[in-house]
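One structure below.
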Amino acid sequence: MASLKKSLFLVLFLGLLSLSICEEQKRENEEDAEDENHEEESEEKRGLLDFAKHVIGIASKLGKRSEEKRFWPFMGKRSEEKRFWPFMGKRSEEKRFFRVLAKLGKLAK
């Protein structure tokens, strides 16, 4: 009877040991799967953030270009600034004024 008890305890112990090892491996596999899912989600978020940064960068460049047009003559100017750049075009009052100056200059010679 004693040998039967020993063998029964031995089988029970080995069965519980293998069961605990299997459960531990299962938990590790589940944690790995969760980590992979989390990494995939974070990669998707990173991809969306990169795309959003790209779109914002393009939008800001477009905004800068419209602002630069106000200040750079080769890109075009606002009509208020054109009056200060004679080669870009003059307002009608300035055209009249320059004609008068030209006539006065001819008379002075």
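Here the Cβ of each residue, glycine as well, is placed from N, Cα and C on the backbone.
The annotation signal peptide is assigned in Swiss-Prot to 1-22 on the grounds of sequence analysis.
The helix, strand and coil residue counts that DSSP assigns across the region 'Disordered' (27-46) are 20 helix, 0 strand, 0 coil. Marked as region 'Disordered' by Swiss-Prot: 27-46.
The compositional bias 'Acidic residues' annotation in Swiss-Prot covers 30-42.
Listed in sequence order, the same-chain residues six or more apart from L62 (leucine amide) with CB atoms under 8 A from its CB number zero; the list is none. For the recorded site, L62 (leucine amide), the DSSP three-state label reads helix. What Swiss-Prot lists as leucine amide is L62.
Taken from Swiss-Prot, the feature methionine amide applies to M75 (among others).
Residues annotated as methionine amide in Swiss-Prot: M88 (among others).
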When you scan the chain for residues with a C-beta under 8 Å from the signal peptide (1-22), skipping those not six or more beyond its ends, what do you find?
-> none
